[in-house]
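One structure is given below, encoded as structure tokens.
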């Protein structure tokens, strides 16, 4: 409809009945007056608009009585005067533009397989409800919402997603509803030692850290790297390690992920046609203020006065001045626009015919004639255009207009015809094509998963999850397969389209596979790799892999195939960005585009449209071109921050964007109709449209027999080519060789590669091996086609066939740095050097029968080679004295052959023909050779090699690898000349060999029955040519051929990171690592159970005690909590117990061998206990104490009869052992540097060995003592009787700790507890007089002295950073026991629910509230979002509610105990709320607030009737607890350093304890007050009545936080909410005299009632399978009381009130404003109603003022301050002032942040607490006697006149007196008790110790503050 011009309404009169009368309308002379409307409106239009065929008046009055133009007899006359062809009548198209040609048409009957549209069209039935508007009027998409299955979650918008996507951290619903109200996710477990943890928690191999690749997906693995892999020439290295084009530096675009390419740049200058963004980037000036954020910082859209462009209807013309006129008024000779923009010369108007009318000769017009303003105007039929003469008509070629037809177009005279390719069908609009088949699905990689989404429905499903870093993607529709590449794993994988059967396709030789494409016709897989700069091809299963293109490739990225044309297309964004193409066999390579490209990412082909589309992330553009590169055009050039991948389907483009994390779509022709398909994705990468028509059928050039090819058949144009896998030679035109006979084999750390000598290109390919992390040494055995390699990352030696099959680990234990490897192909032996252990070892080629050959005088041995003909082996050693040595292959006849002019002798090689030894020296930069005995030394290549490493010989050539040039080179082996480079740009080159089949045969006696050896037969230079030997630690018997069965006597010792054994059965000492597959970080103490053959050890870093079999199997942790520094450990093999000392906790404990029934034996007067030994037969245990007063002690093995044996002349008593044969005690002292001995009672003490440098562990076996020494890093031995004959057992062992000597042949002693555990229910422990029964820590032994209680009854529960512990109050030891709750990080507050036995706690590191059972099971997150710093927590055990304070958000909230029904109770006038406590029986809620105005407040449990109890003389009120018996509150003040109490009304305030250091939390039980103290790191207690009898319950505990008491007497009582939740549907809150029902802040989908017992009806009817609608957050809290009747309201969904609810009085209809008709006046009744309303309000106010005046007579004078707040009100005894004097400087300095910690340095550990927790330096000064304070509970009172005051206190605290009565009684006795100050504050006395905060102590006077 045209805009309305002229006057609209002159006026209207108002009457009492609201009826308007109209005036006569009169327009000017130049205007036409339209008919008066029913509303009395007058409309004037320009006179020239009359009789122009347009309904300008709106009622056709301007067209009534007009003569319409005539139509020819062949045409149809439309109602609006338009003439159309009669054949167009009733064809379903609105050709008249007023639908008159489609009126009164007989209805068309649709076929059975068609759907009838409402506009009369018929479409295919399968198009109904497919998401496409096929009818044109959207009637085919008016569909019922699809029902979600049982395994799906329905989003709020109705779409369905997988059920397990709910609350998974990813926004899968388009509206984000799947991530609302979710518990917090459990943090990712920490990575192990060999892994690196990415910023978002994922673990990758540590070798990927700082390797230049984005393995994490967010570049966090490449940040903070001290050294980066260098970028290529022409590239710029970002700070994160990413390499980009150097031309992108300082260009205004942040191309680096960390924006480092735009730092320190001079201001860029933009041209006159460009706009400079705030970031410095230049964009087109025309993009300024166009509504699109082209700058990416929105600076091009700022300060735009009018960003919206005027819009006109499709049949209108937009004038330059913004007016809209009808298209018919163009070029009519009249200035309709008013600015002449509709006429010449602004418009190309046709000349007029000059005829007077259309009745004569059709006005001179060739087709149509019409009279316009009295003149003839010619027009043409649809399909024609008027020519220059203004008379004749010319055919319009619609096919020339791009996008006029979706696919094919045929032009006809006056018309056109669109047609579609096979597989498509023309839509009813006759122009667009719709693909036949199933509904299209967008398949995209999301880094961590692969998902699919329906583009028109928002249906979103998961295909594959738990991926590492999925980038590229493609599918094979016919075979129902999906393929993807993972750039973290460097692999290509595939799976079925249903997500099943995941398997690896290509697992080796990949570095950065960024592009992937499937040839669905010939079943081939193509991919690009920007790391290797290659394009490769293979079968769909990865077989027959071939490097297709590798020359002149830099960084190939996207790839697309056209199998029907046999063409491959790819993008390359190296230094010369381009798009290229070639045949699919690699031939016919050509450039498609190489200009105006920077970062061409995505690439796709429109097969039906015969075009290609690509995205450029640098230019922020989507472009298209023909397949030959012609007709290139930008489709979208703005609003594209970082497009990555693109796909096309039908007429739409779909692309992913990294910056917006979204999938978008637009029209493929125009770029218009842009739409966000999905956003808030994790990291969208590649994308494809999953549909059969995206892979149309094509001719398979290879046919059914693979083209007759033996391996690969690759299409090439319209033909094909047979090709061979890389390295295999072609025998003829169709066949390839089946094997490789000779090839160059080299290691490249991450893979092992080969270069075939059978082909001319010498391109390398990867042997497909798994899990190669850091390969160094290589060798091979052609007899079984095996390749062997060492890996210094996994510390393994492995082997596989040369084709990668049969891979297996050969040696995987006791390796540290296997640097050299050699195969004896004669005896099938494997030799290797280990630079970490400094050994040369040998084993069978399968790794069995391993033994140490040489272990002495080795210093970093490197390469090794063998010469079986002579029986010698040769190795290089490049330690402090570099040398080359040789020895017999059985270790005999060892000698140094080269020792001078060597620096880093690396690779070795033997020329068996000329008997020469070659070596490469990286320090000397030479390659040299000499005779096998070291003679005739000569330099082959000197001072010309940057860094040679690996070396090998073959034929007449020598080959070597070079680290610095990253190349493989060769030269003549005799002269060193004729050098050539075989391969370059190869990172991390290591060893090199040539695999061939011409090794010389050698005869040996070992080939005949193994030479008669029982185990190993080795070649030797001795006359027999061989010798027998045994595996390490096993003795060779006298026959020289047979080995003993195993170790009987051995040493076992801890070396921090492993446990090792040294056999004592053999004449030499060699340590063997116990192959325990567990992480060890700081293994200290060790013990052995010879009965079961198990070793036990403690790890003081991991804080655990573990055990395993001596062969490394059956490993397990037995103690994982409550350990700090377990320095000593002893196994009672007879009594089946394990004992240990803990220097951190100063305890000695015992437990069963599996860690159960743990008990603290000794805990008093211990100061760093260390070593411990047992004497079960005597019932004694002995230990050393390393503290300030070092000593040796003894007690019974049950902790009884404790005695100090020696306490003088001791320094650091470390190791300890008992000699049972001589009844002596031996110990090692690292300070006195002596090993001493004494009798078992401490007598006859004397020195045995002196000096010893730093002995640690000590043990004894037979006649010798053995000890470890930190200083010498060795194990020593001496005679146990004399201390003489000291020898070195093993050296070069850093990290030596404890040691034990074991003889498994020795018999065990008698078990004192017998076979029935002494009749004890739990522990039976030996003692000198027999045994005693004992219970686990904290549990009492019953009266029978045999049986234990099941669990403690009353105990303290407290938090300490990463732990929750308990202390039993039933026993006297008061030792803490860890509650085994997993995943604790920084626990602050906690509480307990005695009903279900669960502990609730807050973790401020994770910002969650969780709960768990006391045994650590059933841990779950209760509140997982919307928290900042939850410092206080309280459980309402009656109403089953949970309360908490949030210091970060300054709120107090509540929920059900399961976290549901969450509601904010108080969120105003809070400033750092801290502790919180509830009194369910009274309906009270208490909390502390220590913001600028510290205070303690109280409210009802619903937050109402808020009252400030105390706000004077407060500093930092931390902890808060209630004494439910005496009805008093207790709190600790960390600023004033005291503990105080008051009654429940804040009256009768008393200081209980002063001069406490830094109290944090407190609790109460019986007559005791317990509190935690940060400064003293202890839990203490005092008498709650007197404040005396102060005791330390637990000391030396870091990070103490909250503390509570769990007792049957603690959580008692009930209230109205205790029965059936008070009848409430959601929340029930008890109050002082009533209770209320309340609704959560966020609706949970269930109707909420505020009336007890009433369940409101659903707001609308729903089907059984349909979920109820979500209720809005509009439900207030409503009071329910037996004495008060309150009107209630209930709102339904969407805020609507049903009629039934309104009739019940549950709610009221909202007053919706109804807009009046134009010109209608206000009704008089409205004014009267308004006056009555005002009068009513005044009456209410007057009544309220009168009521308050009367009420003030009976209330406390201080309660006059009533402050209204929402949602409730609070009353305050005193006015709350927001301004206060600033706290002293120490306040700010000691304010706790989340990053702080309660220690002096504030940097040791990170505690996540926000300004709600304070740390105050203080001393342990004595607290005063509080002389001014007296209590009636503490004894007789000196002044009996104060007895009444105390009586008032008791009555008030019990609740029998209200506030007014209490105040009156206190005032009566004020004069009598004036000398008693119940809130006195004693003065501090004494000086403060130096704690590190001495000069920042709290100010002592108010004036200083």
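Just so it is clear, glycine is given a Cβ too, placed from its N, Cα and C backbone atoms.
Under DSSP, residue 90 (disulfide bond) is assigned to coil, being neither helix nor strand in the three-state scheme. Marked as disulfide bond by Swiss-Prot: 90-105 (among others).
Here Swiss-Prot flags 110-122 (among others) as disulfide bond. The Cβ of residue 110 (disulfide bond) lies under 8 Å from the Cβ of 116, 122, each of these being in the same chain and 6 or more residues away along the sequence.
Its Cβ taken as reference, residue 143 (disulfide bond) is surrounded by 11 other Cβ atoms within 10 Å in the chains shown. Following the DSSP three-state reduction, the secondary structure of residue 143 (disulfide bond) is coil. The feature disulfide bond is assigned by Swiss-Prot to 129-143 (among others), with sequence analysis given as support.
In three-state terms derived from DSSP, residue 148 (disulfide bond) belongs to neither a helical nor a strand segment and is classed as coil. Here residue 148 (disulfide bond) comes close to 154, 160: these same-chain residues lie at least six apart in sequence, with C-beta atoms under 8 angstroms from its C-beta. What Swiss-Prot lists as disulfide bond is 148-160 (among others).
Swiss-Prot lists 210-225 (among others) with the feature disulfide bond.
Under the heading domain 'LDL-receptor class A 6', Swiss-Prot lists 230-266.
Within the same chain, residues at least 6 positions away in sequence whose Cβ sits under 8 Å from that of residue 265 (disulfide bond) are 249, 250, 280. Residues or ranges marked as disulfide bond by Swiss-Prot on the basis of sequence analysis: 250-265 (among others).
The disulfide bond feature in Swiss-Prot is assigned to 270-282 (among others). Annotation note: residue 282 (disulfide bond) sits in a strand segment as assigned by DSSP.
Secondary structure at residue 378 (disulfide bond), taken from DSSP and collapsed to helix, strand or coil, is strand. What Swiss-Prot lists as disulfide bond is 365-378 (among others).
Mapped onto three states, the DSSP output places residue 409 (disulfide bond) in strand. Counting only residues at least six positions away in the same chain, the Cβ atoms of 398, 399, 416, 417, 418, 419 sit under 8 Å from the Cβ of residue 409 (disulfide bond). According to Swiss-Prot, the disulfide bond annotation covers 399-409 (among others).
Of all Cβ atoms in the protein chains displayed, 20 besides its own lie within 10 Å of the Cβ of residue 418 (disulfide bond). As annotated by Swiss-Prot, disulfide bond applies to 405-418 (among others), with the evidence given as sequence analysis.
Per Swiss-Prot, disulfide bond is recorded for 420-433 (among others), and the stated evidence type is sequence analysis. All protein chains shown were included, and the count of other CB atoms within 10 Å of the CB of residue 433 (disulfide bond) stands at 23. A strand conformation is recorded for residue 433 (disulfide bond) in the three-state DSSP classification.
Sequence-remote contacts of a segment are chain residues at least 6 beyond its ends whose Cβ falls under 8 Å from one of its Cβ atoms, and for the repeat 'LDL-receptor class B 4' (610-652) they are 248, 253, 255, 283-284, 287, 290, 292-294, 296, 403, 406, 424, 432-435, 440, 442, 444, 455, 473, 558, 560, 562, 565, 567, 569, 571, 579, 581, 591-593, 596-604, 658-660, 665-671, 674, 684-689, 691, 693-694. According to Swiss-Prot, the feature repeat 'LDL-receptor class B 4' maps to 610-652.
Within 10 Å of the C-beta of residue 722 (disulfide bond) there are 21 other C-beta atoms, taking all protein chains into account. If you look up Swiss-Prot, you'll see 709-722 (among others) marked as disulfide bond.
When Cβ-Cβ distances below 8 Å are used as the criterion, the repeat 'LDL-receptor class B 6' (785-827) is approached by residues 194, 205, 207, 508, 740, 743, 745, 747, 752, 754, 767-779, 833-837, 843, 845-847, 850, 860-866, 868, 873, 875-876, 889, 908, 991, 995, 999, 1002, 1004, 1006-1007, 1017-1019, 1026, 1072-1073, 1075, 1112 of the same chain, each at least six residues removed from its ends. The repeat 'LDL-receptor class B 6' annotation in Swiss-Prot covers 785-827.
Under the heading repeat 'LDL-receptor class B 17', Swiss-Prot lists 1440-1482. Beyond its flanks by at least six residues, the repeat 'LDL-receptor class B 17' (1440-1482) meets 181, 183, 1389, 1393, 1395, 1400, 1402, 1409, 1411, 1421-1424, 1426-1434, 1488-1493, 1499, 1501-1503, 1506, 1517-1522, 1524, 1529, 1531, 1544, 1561, 1613-1615, 1617-1618, 1621, 1626-1630, 1632, 1638-1642, 1644, 1765-1766, 1770, 1776, 1809-1813, 1855 of its own chain at Cβ-Cβ distances under 8 Å.
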Inter-residue Cα distance where the pair is residue 433 (disulfide bond) and residue 129 (disulfide bond), in Å: 17
Densest Cβ neighbourhood among 282, 378 (disulfide-bonded residues), 10 Å radius: 378
Position of peak Cβ density within 10 Å, selected from the disulfide-bonded residues 129, 250, 399, 405: 405
Residue among disulfide-bonded residues 143, 365, 405 with Cα closest to the Cα of residue 90 (disulfide bond): 405
Per-residue pLDDT averaged over the repeat 'LDL-receptor class B 17' (1440-1482), given as an integer: 95
Residue 420 (disulfide bond): tally of other CB atoms within 10 A of its CB: 20
Residue 399 (disulfide bond) in three-state DSSP notation: helix
Cα distance (Å, whole number) from residue 420 (disulfide bond) to residue 709 (disulfide bond): 37
Rounded to the nearest Å - Cα separation of residue 378 (disulfide bond) and residue 210 (disulfide bond): 76
Rounded Cα-Cα span from residue 722 (disulfide bond) to residue 405 (disulfide bond), Å: 41
Residues in the repeat 'LDL-receptor class B 17' (1440-1482) grouped by DSSP into helix, strand and remaining coil: 0 helix, 23 strand, 20 coil
Residue 270 (disulfide bond) and residue 105 (disulfide bond), distance between Cα atoms, whole Å: 62
Proximal residue to residue 143 (disulfide bond) among disulfide-bonded residues 210, 282, 420, 433, 722 (C-alpha distance): 433
Collapsed DSSP category at residue 122 (disulfide bond): strand
Using Cα positions only, nearest of the disulfide-bonded residues to residue 722 (disulfide bond) (270, 282, 365): 282
Least buried by Cβ count (within 10 Å) of the disulfide-bonded residues 90, 105, 122, 210, 270: 105
Where residue 110 (disulfide bond) falls in three-state DSSP terms: coil
